[in-house]
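Asks: Pasting a structure below so you can have a look.
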Amino acid sequence: MEFKHISVLLNECLDALDIKDNGIYVDCTLGGAGHSSHILERLSNEGLLIGIDQDRDALKAAKERLKRFENVKYVHSNFYDIDNILQNLDIPKVDGILMDLGVSSYQLDEGARGFSYMKDAPLDMRMNRDNDFSAYEIVNEYSEDELYKIIRNYGEERFAKRISNCIVNRRSDKPIETTMELVDIIKAAIPAKARREGPHPAKRTFQAIRIEVNSELKILNQTIEDGVNRLKPGGRMAIITFHSLEDRIVKLKFRELNDPCTCPREFPMCICGKKPSVRLISRKGIEPTKEEVEENPRSRSAKLRIIEKL
């Protein structure tokens, strides 16, 4: 199957990175190389792109798409390891870092990966298939309380209690092995009126399990800090999020880096000594245009936030 992924907020990202032709840029989520191909077109031979992805299929597709470019380094890893990756490449500082936190169209559409609640597949959801831990372990081995907490916290699902209870009851008969088995359980747990009126009933639960499988939110705060430490003064970091949990983490971390002062508000001046390390380029998240959403409905929930290293 062709690795296809329509780049979201493409022009906005390119503008955000303020690309220098001899700069060093890191695409932390290389995917199908949509953003990266355009970054490379703006680089001279003196510039460099470092593409990171934990999905070997994505790296293979990216290498094929970018084969005409020689100034690319490919890294099979999770972007949370950005500090070690740059250290191993002997690159102390970079000019820009891009993170696109969305699941690719390929991962959603490729049945065998188990990301989609629209296609039957084994319960998997691993971004990095070298890892042993998958959705199967979560669904079949987590306690009811553990399931409830991740579905509520990571999926913001109001019927988390009912869903977790139904999962535990059903798996007592036999293991839950496929996405469609899980979808049927979720549908049975959600009241008919809510199923009719809201988004797909399995959407939030699948999001929650995917986040847990890949530790997506746990690594984000530290990754932002490590990335900012690797930026040159004037270097930019641009992050695209696709749901409110991710966006909240990015927004709060950016604000903290922009205003780290911990002094009580009533103090007339700062005495804690903490100085800003970045400035906010976008106070609010940049959203796709109406035209982009019409062309690519999956971009609807995207938000882009940008900071610049001081």
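Including glycine, each Cβ sits where the backbone N, Cα and C put it.
Small disclaimer: the values here were computed from a predicted structure and weren't measured.
For ALA33, GLY34, HIS35, ASP53, PHE79, ASP100, GLN107, the entry in Swiss-Prot reads S-adenosyl-L-methionine binding site, with the evidence type sequence analysis.
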Asks: Compile a sequence-ordered list of residues in the same chain as ASP100 (S-adenosyl-L-methionine binding site), six or more apart from it, whose Cβ lies below 8 A from its Cβ; state 'none' when nothing qualifies.
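Replies: Spatial neighbours, sequence-distant, of ASP100 (S-adenosyl-L-methionine binding site): SER7, VAL8, CYS13, ASP27, CYS28, THR29, GLY31, HIS35, ILE240.
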Asks: With DSSP assignments reduced to helix, strand and coil, which class does ALA33 (S-adenosyl-L-methionine binding site) get?
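Replies: The residue in question, ALA33 (S-adenosyl-L-methionine binding site), is coil (DSSP, three-state).
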Asks: For the S-adenosyl-L-methionine binding site, please report the maximum Cα-Cα distance among ALA33, GLY34, HIS35, ASP53, PHE79, ASP100, GLN107 in Å.
Replies: 18
Asks: Over all shown protein chains, what is the count of other CB atoms within 10 A of the CB belonging to HIS35 (S-adenosyl-L-methionine binding site)?
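Replies: The answer is 27.
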Asks: In sequence order, which same-chain residues at least six apart have a C-beta under 8 angstroms from GLN107 (S-adenosyl-L-methionine binding site)?
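Replies: When sequence neighbours closer than 6 are ignored, GLN107 (S-adenosyl-L-methionine binding site) has ASP55, ARG113, PHE115, MET127 within Cβ distance under 8 Å.
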Asks: So of GLY34, ASP53, PHE79, which of the binding-site residues has the fewest other Cβ atoms within 10 Å around its own Cβ?
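Replies: So among GLY34, ASP53, PHE79, the binding-site residues given, the one with the fewest Cβ atoms within 10 Å is GLY34.
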